[in-house]
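> The structure follows.
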Amino acid sequence: MTFERYGTMNVNEAGHLEIGGVDTLELAKRYGTPLYVYDVALIRERARGFKQTFAELNVQAQVAYASKAFSSVAMYELMAEEGLSLDVVSGGELYTAIQAGFPAERIHFHGNNKTLDEMEMALDYQIGCIVIDNFYEIELLKNLLKERKTKIQVLIRVTPGIEAHTHDYILTGQDDSKFGFGLTNGQAERAIEEVLGNADVFDCIGLHCHIGSQIFETTGFIMAAHRIMEQLIVWHNKLGFDSKVLNLGGGFGVRYTEEDEPLEPEVYVREIVKEVKKMALANGLSIPEIWIEPGRSLVGEAGTTLYKVGSRKEVPGIRNYLAVDGGMSDNIRPALYEAHYEAVLAASPLKEAEETVAIAGKCCESGDMLIWDLPLPKSSAGEVLAVFCTGAYGYSMANNYNRIPRPPVVFVEDGVSRLVVRRESYEDLVRNDLPLY
Ligand SMILES: *Cc1c(COP(=O)(O)O)cnc(C)c1O
């Protein structure tokens, strides 16, 4: 029986939800709940899809995994195996990548407030490039590089004045964002002049922009590519600046619920490449290397969280609450962004719904809800609930609110499960605590 959801997800002979050829009830029994389960084949498929599309279009490219979506040693190993590059945004992510043996030359460092320590760390590890975000960073990095008598590749992050709000695009005259240099207010040009003026320490290879997240259309990317290419023509003539690399960021949408209708990831790539080529050819520029930075679209749909159902509270005439053994401590997105999810009972994913329930977490917050209206068959305590599409910004935003230990992470592939992040223990929770006396 096939079960049309994500990747290798299926219903096995026992009628249970299966991922990567492994019964999810077995996973819940073996590793406990809550548990994050990743479908490795689906991640590989996505990674290869992006890479192959660039190859077919015959453009130089790098696909960098925006690792804030889910950062762990095993995930970095998997991305390295698939030949991807890596975006990190903190010393912690960089450290994890180095621990995973990720090739340093394929690591890109982002962030709007990289500390001196973090920049030194990036230079020590000789990472591939730093994405410069602001004037303070130019000064800090310049002095550091001069002191060390070294040089590093940099991209300059610009805000192209296009903001994607998932379905519509706002063209902002004033670039009201904490990230990057405004293209329209002249800051980007000043940044480029400063970086080019310090060619002894900066090897300025190109520009970067990121217009938003969970975007379902290609329009915003095309607009951003068009806008930047337009500007590059000006800077080519005025400053003699040729951008070897054009990084258009991430943000490709995924399907959390039936209402989401994302495009195939490859469609974004094709449209971006088409616009860049068109603009380059029309203006006698060489076609830059195109970089993208998918996070959510690489790992989001590949992740499923398994919970155990516990207490039930019926509010007559209003709502029936079903509480699970996790919540905003392992998935803060519903509380933070009003994100929507879908779920099934792992033991009977095809069974018809008999009621609508609200899935509550176990934290002491009324806002600690995972799903407000979930059609579900009648369930009893102890049954396993599988919440879909939790692979991005789930574990990476997990926290110890109410001193709840963070759940473990398991990778499944070809009928085999591998524990890749252990469950936190109570001892872990007090590891950094010191007694008063
Ligand atoms: C968050 C982020 C991404 C990834 O976004 P997704 O929506 O997860 O694809 C890529 N680039 C930058 C600079 C980001 O901040």
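Glycine too: its Cβ is placed from the backbone N, Cα and C atoms.
Residues annotated as active site, proton donor in TrEMBL: Cys364. Positions annotated as pyridoxal 5'-phosphate binding site by TrEMBL: Gly251, Glu293, Pro294, Gly295, Arg296, Tyr393. Taken from TrEMBL, the feature substrate binding site applies to Arg296, Arg333, Tyr337, Glu365, Tyr393. Taken from TrEMBL, the feature domain 'Orn/DAP/Arg decarboxylase 2 C-terminal' covers 35-391. The feature domain 'Orn/DAP/Arg decarboxylase 2 N-terminal' is assigned by TrEMBL to 42-299. Per TrEMBL, N6-(pyridoxal phosphate)lysine is recorded for Lys68.
Could you place these features in context, so I can see how deep they sit and what lies close by?
Taking all protein chains in view, 8 other C-beta atoms sit within 10 angstroms of the C-beta of Cys364 (active site, proton donor).
Secondary structure at Glu293 (pyridoxal 5'-phosphate binding site), taken from DSSP and collapsed to helix, strand or coil, is coil.
Secondary structure at Arg333 (substrate binding site), taken from DSSP and collapsed to helix, strand or coil, is helix. Within its own chain, Arg333 (substrate binding site) has Ala339, Tyr393, Gly394, Met397 as residues 6 or more apart in sequence whose C-beta sits under 8 angstroms from its own.
Same-chain residues at least 6 positions away in sequence with a Cβ under 8 Å from that of Lys68 (N6-(pyridoxal phosphate)lysine) are, in sequence order, Asp87, Val89, Glu93, Gly295, Tyr393, Ser396. In the three-state DSSP reading, Lys68 (N6-(pyridoxal phosphate)lysine) counts as helix.
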> List the binding-site residues Arg333, Glu365, Tyr393 whose Cβ sits under 6 Å from any atom of ligand 1, in sequence order.
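If the test is a Cβ under 6 Å from any atom of ligand 1, the answer is none.
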> Using Gly251 (pyridoxal 5'-phosphate binding site) as the reference point, find which of the recorded positions Tyr337, Cys364, Glu365 has the shortest Cα-to-Cα distance to it.
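Ranked by Cα distance from Gly251 (pyridoxal 5'-phosphate binding site), first place goes to Tyr337.
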> Can you tell which of the recorded positions Glu293, Pro294, Arg296, Cys364 lies nearest to Tyr337 (substrate binding site) in space, using Cα positions?
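Result: the closest of the recorded positions to Tyr337 (substrate binding site) is Arg296.
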> What average pLDDT does the predicted model assign to the domain 'Orn/DAP/Arg decarboxylase 2 N-terminal' (42-299)?
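Mean pLDDT across the domain 'Orn/DAP/Arg decarboxylase 2 N-terminal' (42-299) comes out at 95.
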> Between Glu293, Glu365, which of the binding-site residues has its C-beta surrounded by the fewest other C-beta atoms within 10 Å?
Glu365
> At the level of the C-alpha atoms, what whole-angstrom distance separates Glu365 (substrate binding site) and Arg296 (pyridoxal 5'-phosphate binding site)?
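Spelling it out, the Cα of Glu365 (substrate binding site) and the Cα of Arg296 (pyridoxal 5'-phosphate binding site) are 27 Å apart.
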